[in-house]
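Take a look at the structure set out below.
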Amino acid sequence: MASPCLIAFLVFLCAIVSCCSDNPIDSCWRGDSNWGQNRMKLADCAVGFGSSTMGGKGGDFYTVTSADDNPVNPTPGTLRYGATREKTLWIIFSQNMNIKLKMPLYVAGHKTIDGRGADVHLGNGGPCLFMRKVSHVILHGLHIHGCNTSVLGDVLVSESIGVVPVHAQDGDAITMRNVTNAWIDHNSLSDCSDGLIDVTLGSTGITISNNHFFNHHKVMLLGHDDTYDDDKSMKVTVAFNQFGPNAGQRMPRARYGLVHVANNNYDPWNIYAIGGSSNPTILSEGNSFTAPNENYKKEVTKRIGCESTSACANWVWRSTRDAFSNGAYFVSSGKIEETNIYNSNEAFKVENGNAAPQLTKNAGVVA
């Protein structure tokens, strides 16, 4: 007969495995084998600053049946047609698709683009996704890769705005400008001309979770530039993501604002993992950092635009319950005034950093 101590240990071990096997977002919907019959439940599962994002919940379903693209006059059944409608829509796909957009795809507010149940690829050498002055957008279950620059040209922005000339774009996978309430979850992003995700120009209420970022140098930019004060109100949650392999820097790189980086798993980076300028507040909690082998790359953090260490001494960059391997280390600074950054609807449980590899094991598109 097993000893009471052994039994107690096994019960304790099972409790640890059970609590850490799935993160709270995945536990909310993936445990239901019939999730396809209740797709909109996903909108109840976000955590962090983007937890109020409803996307297309409560609207009609719109099914993408064609990979064709007409930037000015999209036809029904195409992704651009659904994404530019004024009405609330939950967009799904009838089959596996490889979509090469001819111009950036402007996503109107109150939309969910839900790739679950199909193998959906965007980019493929064309421009990708763009959001401006919209709210309540969910992007889930998409492979976004090979996004390229675009030229000046006419694009249908939305039904109400109509067709307008759009400046050339840099080749980001996902661009958000002055966006509120957006949730980017369970996507696989790689190999684009510029960044994978840009959150700028007063965007706030954003959660970026369960994504896989790989084979890309400049991953995630939060904040427009060092002179854009409106980004001081920016609040972004970066949680349960897998960074790497072959992710170079900006995971994320923040200007101004408040960024909570929680339970992410970091493979060795090329330049740095987390960076910033213009006094952002960066709270790193329960992440797992594995440093590169080169001794001069061991530091997780990079403060940009500081003439000296003392110039950044008051920036609030804190590491709590992070796990470090292969010599990785986080340089903390500043004093945080308030530890309760979330309201009751936004808050979620953050595990210790040693659990991050398990919590991110399903990051990216889920089959």
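Placed from the backbone N, Cα and C atoms, the Cβ positions cover glycine too.
Here is what Swiss-Prot says about this protein:
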type: ACT_SITE; residues: Arg250; note: active site
type: BINDING; residues: Asp170, Asp194, Asp198; note: Ca(2+) binding site
type: DISULFID; residues: Cys28-Cys45; note: disulfide bond
type: DISULFID; residues: Cys128-Cys147; note: disulfide bond
type: DISULFID; residues: Cys306-Cys312; note: disulfide bond
type: CARBOHYD; residues: Asn148; note: N-linked glycosylation site
type: CARBOHYD; residues: Asn178; note: N-linked glycosylation site
Neighbour tally for Asp194 (Ca(2+) binding site), based on other Cβ positions within 10 Å of its Cβ: 18
Those binding-site residues listed as Asp170, Asp198, and which of them has the most Cβ atoms within 10 Å of its own Cβ: Asp198
Structural state of Cys28 (disulfide bond), classified by DSSP into three states: helix
Those disulfide-bonded residues listed as Cys28, Cys45, Cys147, and which of them has the most Cβ atoms within 10 Å of its own Cβ: Cys147
Close in space, distant in sequence - Cys128 (disulfide bond), Cβ under 8 Å, 6 or more apart: Leu101, Pro104, Leu105, Leu122, Ile144, Cys147, Gly171, Asp172, Ala173, Ile174, Cys192
Sorted by sequence, non-Asp170, Asp194, Asp198 residues with Cβ within 8 Å of centre, Ca(2+): Gln169, Gly171, Asp172, Thr175, Cys192, Ser193, Gly195, Leu221
Cα separation, Asp194 (Ca(2+) binding site) to Cys45 (disulfide bond) (Å, whole number): 30
Other CB atoms within 10 A, centred on Cys306 (disulfide bond): 13
For Asp198 (Ca(2+) binding site): DSSP state (helix, strand, coil): strand
